[in-house]
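Written out below as structure tokens is the structure these notes cover.
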């Protein structure tokens, strides 16, 4: 299987590194193009993969094509590939935010049965702990969807969801890293307020959050509240902190934040 990337920014490079590190494919099976041949060769050399001279050559060479460029560039890219796509059975994977399967299909009028797979990865793919949502149009075969999952499993976990749920996924997985960083920073600042050096407080808060997430992930038969109950002692310090958080509407505030991301996404894609 040969995989091609149009674009080699941070997200694409993270996926490429994950594919090679996980031995999903070797570097010899990965090809890329960027805005210039010189840049393509430079990045490819750093990653141990192949650089090609044009998007057209890339499309002719690979079995799966990943669009890893900004959404505004994709119309031009697909227009340039229209002749090839009208004759070659080439599944295209888009990781561009905001472009639906219908949007992508409209950009390839020469092939009304073009196979498109839409993937929404979050930034944690850079440490191979990403979360990616996957959906595909009706022309994509089951094995091709499975292959897309395999590609993104190399950098985390994948979930097949309906496209109508992508906004909800974005709020939960795409935006939540920023909210988690804010929470860690707030705990770190509390540690500093009470006498710890900032770097130490941040490290402790970060590792506490990582460990808590790992424990929850490892205990599939328990809910977050089950684990909260295990941490809390009647009348203890954790209970006092939880009461304070809920007095300030912590849960409701988080829900409103996620609702706000969904609303904003709807506004941006109208």
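Using the three backbone atoms N, Cα and C, a Cβ is placed for every residue, glycine included.
Computed from a predicted structure; not experimentally measured.
Annotated features in TrEMBL:
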- 6, 7, 8, 9, 10, 11, 34, 68, 69, 70, 71: NADP(+) binding site (BINDING)
- 55: NADPH binding site (BINDING)
- 2-98: domain 'Pyrroline-5-carboxylate reductase catalytic N-terminal' (DOMAIN)
- 163-268: domain 'Pyrroline-5-carboxylate reductase dimerisation' (DOMAIN)
Sparsest-packed of the listed binding-site residues (10, 34, 55) - C-beta count within 10 angstroms: 10
For residue 6 (NADP(+) binding site), nearby residues of its own chain (Cβ under 8 Å, 6 or more apart in sequence): 32, 33, 55, 58, 65, 66, 67, 68, 69, 77
Cβ neighbour count within 10 Å of residue 71 (NADP(+) binding site): 14
Assigned conformation of residue 6 (NADP(+) binding site) - DSSP reduced to three states: strand
Site extent for NADP(+), whole Å (max Cα pair distance, 6, 7, 8, 9, 10, 11, 34, 68, 69, 70, 71): 15
